[in-house]
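Questions regarding the structure given below will be posed in turn.
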Amino acid sequence: MIYVDNRQNKVEASEKLIERLTEVIEFALKEEEVNMKCEISLLFVDNNEIKEINNETRGINRETDVLSFPMLEYEDKKVFKDMYKDYKFSQSDFDGDELVLGDIVLSLEKALEQSKEFNHSYEREASYLVVHSVLHLLGYDHMEDDDKIIMRSREEDILNKLNIIRG
């Protein structure tokens with residue numbers, strides 16, 4: 001289940017956008033071989049709120065586009081399908097019958113700004129940021145160059161399969 005909470009009023013969070021981002025999340029989970037019911041919270045905020053959250057949680061006092069808060073722990077260079085595909089989780093990892101994967105905090109204001117900067121649609125930018133964040137929830141990272149190459153490849157593969165293209 002994808003729980004959406006819109007806590008901003010600077011950029012419209014239309015039903016169409018919410019449906020598309022929900023579809024993107026569900027497809028990314030399927031592509032990453034997550035074979036169980038999952039819970040992800042998707043929180044829409046503005047630039048001021050994401051700056052506050054970024055400062056509180058990461059000690060970085062500036063706005064960003066998206067933040068990811070995974071609930072599962074991953075070994076270095078391991079992702080969900082490597083560690084948890086056939087794992088027997090404890091009941092504390094679940095909310096009811098759904099595995100809690102974590103939270104995505106997305107600045108719709110920043111997504112709109114970046115869509116203009118990169119000259120593609122708002123839907124494409126928001127979708128990219130959500131895929132990026134889902135991959136973080138599943139253990140992907142981009143701090144090292146080799147990890148970044150893998151993560152970017154997965155992002156583009158998922159978006160291309162959904163026909164969400166640049167431009």
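Placed from the backbone N, Cα and C atoms, the Cβ positions cover glycine too.
Summarising the annotation, Swiss-Prot assigns Zn(2+) binding site to His132, His136, His142.
On this model, are these features tucked inside or out on the surface, and what's nearby?
Long-range Cβ proximity for His132 (Zn(2+) binding site), meaning a same-chain Cβ under 8 A and a gap of 6 or more residues, is found for Val66, Ser68, Met151, Glu155. Under DSSP, His132 (Zn(2+) binding site) is assigned to a helix (H, G or I) in the three-state scheme.
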Does anything in the same chain, at least 6 positions from His136 (Zn(2+) binding site), have a Cβ under 8 Å from its Cβ, and if so what?
Ser68, Pro70
For the recorded Zn(2+) site, enumerate neighbouring residues of the same chain (Cβ within 8 Å of the Cβ centroid of His132, His136, His142, site residues themselves excluded), in sequence order.
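Filtered neighbour residues, in order: Ser68, Ser133, Leu135, Tyr140, Asp141, Met151, Glu155.
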